[in-house]
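One structure is given below, encoded as structure tokens.
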Amino acid sequence: MTNNTNIDKINSFQKQEQKQEMKHQVITFVLMIVFTLIAFLAVASDLDKIFVIPLILILAVVQVGFQFYYFMHMKDKGHEIISTLIFSGIWIAAVAILTFTTIIWW
Amino acid sequence: MSQEHSLNPENLPKDPAKATLEGRNKFLGLWFFLGGETVLFASLFATYLALRNSTAGGPSSQDLFGLELVFIMTILLLTSSLTSVYAIYQMKNYNFKKMQLWFGITAILGLGFLGFEIYEFYHYITDYGFTFRSSAFGSAFYTLVGFHGGHVVFGLSWLIAIMVRNAKRGLTLQNAPKFNTWALYWHFIDVVWVFIFTVVYLMGMVS
């Protein structure tokens, strides 16, 4: 009997913790929607492109950070190898894009 | 306890997806795959960025793209990312029915996205005569966006397959990692789309 009630306590604690986390996820989602709206509105308005392009690129990077760290849990413990993998991929991506945009000009 | 037993909150670990070695290996394996996918999409994005102004007299990005359609597609895919988070939340609560429900909603949103993308391509081909062979820009565009669309098709088939296959089994330590890895894959598809709508569509309409 005592054993059972202990387990119940642990489970209600876990549930509470998960509820809290789910709340953070929903906040993340709302922020992502807001960033998307800002990006689309910046393009729809007739602002200077020297201003708009860096803005939408920064918004995209922040949004992707939210996806990785919150939705895909990279902020949690035990994700060191995973971070290494993804950042290696991002590094190669950066090099590839830099190379292709500088060596091809016709 | 045998793995065949359905899980319930009284007898199980906090995260059923990572309770077994097999589950943890699947999790790591999927991230290896995603690292490789990053490189794949990097090469496609790099090619697109290099060739996006080579229109060969055909339609350019400003002639083709429309904000409304891309906005609807973005919202659909973003929302489907959130619904899959809800599904994983229900998995950790050992509520299999609700998990299936949220994954079902995710699949419907994904299908909606796919429908709009098919309409978009159809619209470009029939109304503008803009095809894969129109110009270097056309080839780069359809390869990049089409590859993403192909990933959505694959993701939806994968999800429907595991949902149907496990419908009568309930949640077990055997199948929890499968749903979890699928959700991670789906978030990655959304990550790629964030860059597509920014780099291809928004930047294409600005310059």
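Count begins at 1; order follows the chain as displayed.
Glycine is no exception: its Cβ is also placed from the backbone N, Cα and C atoms.
Here the structure is a predicted model, which means the values were calculated and not measured.
Sequence annotations record features per position, and here TrEMBL assigns domain 'Heme-copper oxidase subunit III family profile' to B:1-205.
The annotation transmembrane segment is assigned in TrEMBL to B:28-49 (among others).
What TrEMBL records for B:69-89 (among others) is transmembrane segment.
Listed by sequence, the residues of this chain that lie at least six past the ends of the transmembrane segment (B:101-119) yet keep a Cβ under 8 A from its Cβ atoms are 69, 72-73, 76-77, 79-80, 83-84, 86-87, 90, 145, 149, 152-153, 155-156, 159-160, 163, 179, 186. Here TrEMBL flags B:101-119 (among others) as transmembrane segment.
Long-range contacts of the transmembrane segment (B:139-164) within its own chain (CB-CB distance under 8 A, at least 6 residues past either end) are made by residues 40-41, 44-45, 47-48, 50-52, 61, 100, 103-104, 106-107, 110-111, 113-114, 117, 121, 131-133, 175, 178-179, 182, 185-186, 189, 192-193, 196, 200. What TrEMBL lists as transmembrane segment is B:139-164 (among others).
The transmembrane segment feature in TrEMBL is assigned to B:184-204 (among others).
Sequence-remote contacts of a segment are chain residues at least 6 beyond its ends whose Cβ falls under 8 Å from one of its Cβ atoms, and for the transmembrane segment (B:28-49) they are 140-141, 143-144, 147-148, 181, 184-185, 188, 192, 195, 199-200.
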